[in-house]
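Q: Below is the structure I would like to discuss, written out as structure tokens.
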Amino acid sequence: MERNFTLVILFAALICALGFVPPVTLVSGVPISAQSLGVMLAGAVLGASRGALAVVVVIGLVALGLPVLAGGRGGLGVFAGPTVGFLLGWIPAAWVTGAVVSRLNTRYVGIAAGIASVIGGIGVLYLCGTIGMMIVLKKTFAEALLLSLPFIPGDLIKAVVAGWITTMIARYRPGALLSRAG
Amino acid sequence: MLSLALPGTSWAHRLPAGVKFGALALAMAVLVAFDDPWPLAAAALIAVGLHATLGPRGLRAGAVAMRPIAWIIGLIVVWQLVTGTPREALVLALRIFSMVGLATFVTLTTPLPDLIALVERLAAPLARFGLSPRLPALAVAMVLRFIPVLRGRMEMLALAWRARSRKRPGPRLIVPMVLSLLDDSDHLAEALRARGGLTPPVRRN
């Protein structure tokens, strides 16, 4: 109980701390922040339910008005804006990432983590984000998706990085990889 | 790590947090339903007016909070002008502006301790599942304590990297970050257990 709690707390803090890493700008001029990498890692390392809980804590802090999102954003305004789906979508994204890692029995856990990050951290996240835009902006699914497409190359890079980091963790702290602990 | 709330004791600060959140939820539900520019323009004016009651610093803080979504609104309006009518573009911009503005006002006028008290009250049913209702408040306090710790550690790792290499570290420093964090987690869990753990003591009669 206590260990699960502290893992959730520390990964929530990690996701927030990654928001302060200056964003890398892609060739296309689209900035990518490290924050959603933290969401992928939370799922891939902690497993489905703990990973999702870590994200719930972060979203709770946003609702409390703390500027913990990348670029110092926060507060209830985020929940009323067009990007709300991408924020709330972090919860199922982390959950699905963790669920896929624990079910995908590849020889190297990093490959499973990379695939899981693409399914959870990109597939599920963009689905939620697009639905959020559809509701707030009253657009069709295709129009809303088009607005978020420029961010996908950056997220693919993050999925590869998440897989690589998970490999390293499996190598140095095999016992800590709770998504594979069964 | 500071809350976005403005310090002060304005009329809005004195309202109970539960009332403000309830009113905000109601306003959101109503605003989504409107497709007419006039009521939405009125709501946007109310949002600006509410910030104005806090004085110039209220307007300034509101404008800062609105900045990140300003470009999104701009993009959407251009898009809507190309594919739809100017009226639709106006409705959309006004709706997003008023909803985000009202939500920002609640955030600006509700101090963190009030919010944590509200969270504790809402978490009271947790006791039924054998969990302490103080758990969410403890979680908030601990995350806030650890964000600066992790940021400091990230800076240390970057400094250590720069002292040894001319290349940019890229994302590789996240590995030692996560490893150290996993070790911290074990120590913290022990510390929590030593202080009585997270489950409330069982009452025996």
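Going from the start of the chain as shown, residues are counted 1 onward.
Each residue, glycine too, has its Cβ placed from N, Cα and C.
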Q: For the feature transmembrane segment as recorded in TrEMBL, pick the matching range from B:35-58, B:59-82.
A: B:59-82
Q: Between B:15-33, B:129-147, which stretch does TrEMBL give the note transmembrane segment?
A: B:129-147
Q: Let me spell it out: take the transmembrane segment (B:59-82), skip the flanking residues so only those 6+ beyond its ends count, and list any with a Cβ under 8 Å from a Cβ in it.
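A: Beyond its ends, the transmembrane segment (B:59-82) has Cβ neighbours at 4, 6, 48, 51-52, 88-89, 92-93, 96-97, 100-101, 104-105, 107-108.
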